[in-house]
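Taking it in order: structure first as structure tokens, then the write-up.
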Amino acid sequence: MNDVLDLTCDLIARASVTPEDAGCQALLAGRLTAAGFACEHLRLGEVDNLWATHGSGAPVLVLLGHTDVVPPGPREAWTSDPFDPQIRDGVLYGRGVADMKGSVAAFVVAAEQFVAAHRAHAGTLAVLLTSDEEGDAIDGVRRVANLFLERGQAIDWCITGEPSSTERLGDLLRVGRRGSLSGTLTVKGVQGHVAYPHKARNPIHLAAPALAELVARQWDDGFESFPPTSLQVSNIHAGTGANNVIPGELQVAFNLRYTPHWDAPRLEAEITALLDRHALDYALRWHRSGEPFYTPEGRLRSVAREVLGAFAGAPPEESTGGGTSDARFIAPLGAQCIEVGPVNASIHQVDEHVRVADLQALPALYRTLIERLLIE
């Protein structure tokens with residue numbers, strides 16, 4: 001094995017199911033401290049966060065990652081124990097190897113190598129880690145970003161190690177993410193016998209026209225590299241289970257993934273107005289997961305395009321697809337944000353894995369990005 005493999009395996013062996021860190025950050029802080037970084041442990045609620053810096057002043061480049069993982073599911077479904085890293089046929093298996101302990105290990109190795117070669121580098125190189133990315137994402141980077149605002153901590157560039165690649169390492173550069181807004185709609189009716197509909201008010205029938213209008217609406221035509229805003233109904237529930245009872249209440253869960261054309265308050269107002277037009281007796285609860293962010297052409301994006309193109313052998317696709325990431329909390333600080341990481345084909349799945357060759361290449365990729373941004 002080599003250093004990044006050893007470190008990745010050490011991290012996988014720590015069963016840090018969100019929001020647990022299981023000692024990952026202490027291990028990483030020990031290495032970063034030995035390399036000359038100043039490390040600050042931020043315990044917020046039940047969540048561990050680590051802020052490590054080397055150098056001072058601008059520009060500030062942050063390597064952003066998380067040490068928590070999603071639950072592995074049934075252990076018997078895995079070919080080997082999810083927290084016992086195994087290499088088979090040139091592939092490393094284990095929960096979190098792709099999302100994103102491999103990237104975190106590569107960050108640390110790259111940071112160690114960079115500061116060893118450039119002790120007096122310009123600006124600040126920082127590593128920010130949390131154990132609350134896969135869970136509620138309340139006491140992790142969201143709260144740390146608020147703390148940075150209070151401190152006046154500026155961030156110029158942020159590289160998140162989310163698994164962005166699709167087929168081969170470096171084939172995709174994530175330059176933004178859509179916003180995410182979830183709603184839970186409760187429509188009230190009057191329960192009754194199906195044989196006497198005039199004595200009841202069926203909330204399914206009452207809500208159907210409004211729901212049809214919601215799902216048929218074209219919210220926008222997309223933006224730059226963003227696909228159009230999408231509303232998806234994810235759950236509908238009503239009734240007692242008996243086929244002779246008109247339900248007294250309908251519950252509908254839905255989610256919007258939206259472009260920078262919108263923000264959460266405007267979407268909430270649009271949907272509330274639509275429901276009001278249909279004269280429904282309803283209650284609506286919202287959950288804002290994050291606003292969209294987009295990194296336009298600039299130094300970070302151009303450098304990343306060149307570096308990934310050299311590693312992958314072709315210019316990367318530049319995309320804003322996928323789910324949310326913690327970069328959504330860093331972008332509002334004024335930072336340009338990108339995501340660069342390993343192939344994402346197996347994330348959150350049984351037998352999560354990364355090619356060993358890709359993992360071995362990651363530190364050099366990250367180090368090259370750091371050098372291009374802080375040295376040139």
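Cβ atoms are placed via backbone N, Cα and C, with glycine included.
Among H348, H353, the residue that Swiss-Prot places alongside D99, E134 at the Zn(2+) 2 binding site is H348.
Residues H66, D99 are recorded by Swiss-Prot as Zn(2+) 1 binders, and the candidate that the same record lists for that site, out of E162, E167, E213, E224, is E162. Among the binding-site residues H66, H348, the residue whose Cβ has the fewest other Cβ atoms within 10 Å is H348. Each of the recorded positions D99, E133, E134 was scored by other CB atoms within 10 A of its CB, and the lowest score goes to E134.
Geometry remark: D68 (active site) versus E133 (active site, proton acceptor), CA distance 7 Å. Taking the C-alpha atom of E133 (active site, proton acceptor) as reference, the shortest distance to any of the binding-site residues H66, D99, H348 belongs to H66. Only D99, of the binding-site residues H66, D99, E162, have a C-alpha within 10 angstroms of the C-alpha of H348 (Zn(2+) 2 binding site).
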